[in-house]
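Engineer: What Swiss-Prot lists as transmembrane segment is 2-22, 68-88, 100-120, 146-166, 171-191, 222-242, 253-273, 293-313, and the listing cites sequence analysis.
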Amino acid sequence: MFMINLLMMIVPILLAVAFLTLVERKVLGYMQLRKGPNVVGPYGLLQPIADAIKLFTKEPLRPLTSSISMFIMAPILALTLALTMWTPLPMPYPLINMNLGILFMLAMSSLAVYSILWSGWASNSKYALIGALRAVAQTISYEVTLAIILLSVLLLSGSFTLPTLITTQEHIWLIVPSWPLAMMWFISTLAETNRAPFDLTEGESELVSGFNVEYAGGPFALFFLAEYANIIMMNIFTTILFLGAFHNPLMPELYTINFVTKSMLLTISFLWVRASYPRFRYDQLMHLLWKNFLPLTLALCMWHVTMPIITAGVPPLT
């Protein structure tokens, strides 16, 4: 039964990822006053399927000097971790109801660094290695603020369990009292998933294509799937943390519809940002984090620690 549940989760994720690539190309197309893919199938709807067939039927090329096992393991690890992170997400019922769901997600997102590092190192190409090192530095740096913001939100909800956040937000979304955290969280998720304007790892002008420059066909498709699965997952996480949908146990479908709509809007805003903003310079990216976000998040975290203690002694006003 568990295997069926697992498949029922993985297959829709992969389908969502496939069509997210199409949505992205359409959104970018319309924002640049053109049509986007419109040849394969009606309105280009079969484009992701054509892409998948093309990628998985290509011969998987491998550089002669690369280390084989790591080179093949890296994309598999990337996709496995990307899919594993979905297990504790309440939609409204999680696949595995974990006691420390939030901690698990942080740990998994930290492990994702290894797949990038291995792929860059195993490719034995200087461009791939530079791209991988950039990606790792960026991911590790932005995880610091993500962890502090999560801690502040946890101080409001009072539990590491994700479904508790739904209960916390029955009366008011957490984006209302802690909107500065939500803004910084959104920008940090952009950086964490290596999306524009933080896609320095894929700087075509200077690094060809970043850490996956030597990959082609199937392994490249796995990296691609992992990246987009992470994007959707991060937006779902944002929805759970700051835009909690109302959950009525008698009609869980309503929660799912509400939740999916919010997540989709956030995902489209990711694509919107990509179409609108130019890429950051690397030093600006690091300064933004270490000199702006980190002091701010630490101060706000202290605020979230002290406020409940200060207001605990205030008698109820009703």
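The backbone N, Cα and C atoms fix where each Cβ goes, glycine too.
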Engineer: Please indicate, using numbers and ranges, the residues of the same chain that are 6 or more beyond the transmembrane segment (68-88) and have a C-beta under 8 Å from a C-beta there.
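Structural biologist: Result: 9-10, 13, 62, 94-98, 101-102, 104-105, 108-109, 111-112, 114-116, 118-119, 121-123, 162, 214-215, 219-220, 222-223, 225-227, 229-230, 233.
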Engineer: Of the stretches 2-22, 222-242, 293-313, which racks up the most C-beta pairs under 8 Å with the transmembrane segment (253-273)?
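Structural biologist: So the stretch in question is 222-242.
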Engineer: Using a Cβ cut-off of under 8 Å, list the residues of the same chain at least 6 residues beyond the transmembrane segment (171-191) that approach it.
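Structural biologist: Sequence-distant neighbours of the transmembrane segment (171-191): 138, 141-142, 145-146, 149, 152-153, 156-157, 165, 197-198, 234-235, 237-238, 241-244, 266, 270, 273, 285, 289, 293, 296-297, 300, 304.
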Engineer: I'm a bit unsure how to read this: which one of 2-22, 100-120, 146-166, 293-313 has the highest number of Cβ pairs shorter than 8 Å with the transmembrane segment (222-242)?
Structural biologist: 2-22
Engineer: Cβ under 8 Å, sequence separation of at least 6 from the ends of the transmembrane segment (146-166): give me the contacting residues as numbers and ranges.
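Structural biologist: Beyond its ends, the transmembrane segment (146-166) has Cβ neighbours at 88-90, 92, 94, 97-103, 106, 109, 174, 177-178, 181, 184-185, 188-189, 192, 240-242, 244-245, 247, 255, 294, 297-298, 300-301, 304-305, 308.
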